[in-house]
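Below: the structure, in structure tokens.
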Amino acid sequence: MPPALRVRFAPSPTGYLHIGGARTALMNFLQARRQGGTFVLRMEDTDQGRSTPESVQAILDGLNWLGIDWDEGPGKEGPYAPYFQMQRLDTYRKHADQLIAEGKAYRCYCTKEDLDAQRQVAEKAGGAFKYPGTCRERTEPPAGRNAADAVIRFKMPAGDGSVSFTDKALGTITKTHSDLDDWVMMRADGIPVYNFGCVIDDHLMDITLVARGQEHVNSTFPQLMLYQALGWTPPDFAHLPLILGPDREKLSKRKHPEADVMVHKRNGVMPEALLNFVIRLGWSHGNDEVISREQMLEWFDFSDVGTTSGVWNPEKLLWLNQQWMKQLPVETVVERLLPFLEAKGIQAKGDPRLETLVRTLRERSNTLEDIATTAANVYFRSGITLDEKAATKHLSGESLNLLRKVRETLTALPEWSVEALDGVVKQVSEASSVGMGKVAQPIRVALTGNTTSPGIGETLVLVGRDESLLRIDAALTRG
């Protein structure tokens, strides 16, 4: 029987949760849940200049907002703890010392200046720089240097061999040993580099499948050589397609603000919509576009991941977000809308109009921010600024007379409901022998300032009885 599936997401906490990282985490999470496996969260926090507790928290916040929960990791300590690389330095040192003792790694005393000079020579010759093995056979440090100054390099096997692996997404990939050099495993300060630390951790944490972005394909070859040197069986690999920005360049923290998961939360995107959007950047299920978490859990498999880069399409994300705002229970949307209203100075919790507001505005809004902006500008304020062009057309002459008739009828209306208010429009329309649109537009302009709004009954309910009558009275003063 094969070992139980164990997958991991291992970000470097140097800032916010990147969209590419969120997709990697999501796919690993889905595969683990689908197969009854374990999803591990590990922090590769070895960049001491940039890794901060705030960045760790930003990643945790992003995953929590998306609803991607882990089985082991920060806050959920398991049998393979600790889950921060900086708390595992003794483990890396132990395995580095073992490789040195077995002649499979060595201390390198070359300075940055030495390597820069060698790199310049290679570039002038038109070739790529490869470490020439200057310290490969050294048994003692050169004069003036000691072991504390040395990095530790992996000793690539001599000869014309090759290394290959079969990727679950990309198929079989091969490189010759001559394409690889003696790469640095440990820095002089005892901190492991990526290729070394992740292999040690993946093995000791019993990770059975490593799924990560295609930018890590070339890292897989030195990692496989390390597995071989340590006598370990490597996990399976799946490399996921790149995500490109709208400019078709790799989605980057420096160039693309949309790379930050939490930007979308602040913009009023629903987590269901963002998950739906990112899963389809490299994976699809037939012609299905709106895909729920439950459907992802049923359908997703790494073997179905494509190889073509996904391109960020902001219009598609907004479309999906509108679909999700319309599909989710109105109570859920109301709860998520409240912080956006509060940010605009509107304390609306418990306001009986909120459910009607959401039902009405989500049909014509792309984000929670859109709904909140419309609510603040039209429904949760005193008075309204009229669009002069709309007012000139719809608040003069016969239109104003129709509005007066509406005002008179509203005064005596016992029930301020959508049905009753729509009935007023119909009543005035029939009594005046004009179409309902002729009656509705003056009301709409008086209430909202322009010619577009939800239905008249809904708009009157949202503005409220007292404020509606005040706005209509203000409009009638134009006559």
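Here the Cβ of each residue, glycine as well, is placed from N, Cα and C on the backbone.
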Query raised in the report: Pick from 11-21, 110-120, 451-461: which range has motif ''HIGH' region' per Swiss-Prot?
Result: 11-21
Report summary line: Matching 135-139, 160-164, 250-254 to Swiss-Prot annotations, motif ''KMSKS' region' lands on 250-254
Report summary line: One finds that other Cβ atoms within 10 Å of the Cβ of E137 (Zn(2+) binding site) number exactly 8
Query raised in the report: Taking only the binding-site residues C110, C135, E137, which one has a CA atom nearest to the CA atom of K253 (ATP binding site)?
Result: C110
Query raised in the report: Which residues in the same chain, at least 6 apart in sequence, have a Cβ under 8 Å from the Cβ of C110 (Zn(2+) binding site)?
Result: Y131, T134, C135
Query - C108 (Zn(2+) binding site): tally of other CB atoms within 10 A of its CB - result: 23
Query - Three-state composition of the motif ''KMSKS' region' (250-254), taking helix and strand from DSSP - result: 0 helix, 1 strand, 4 coil
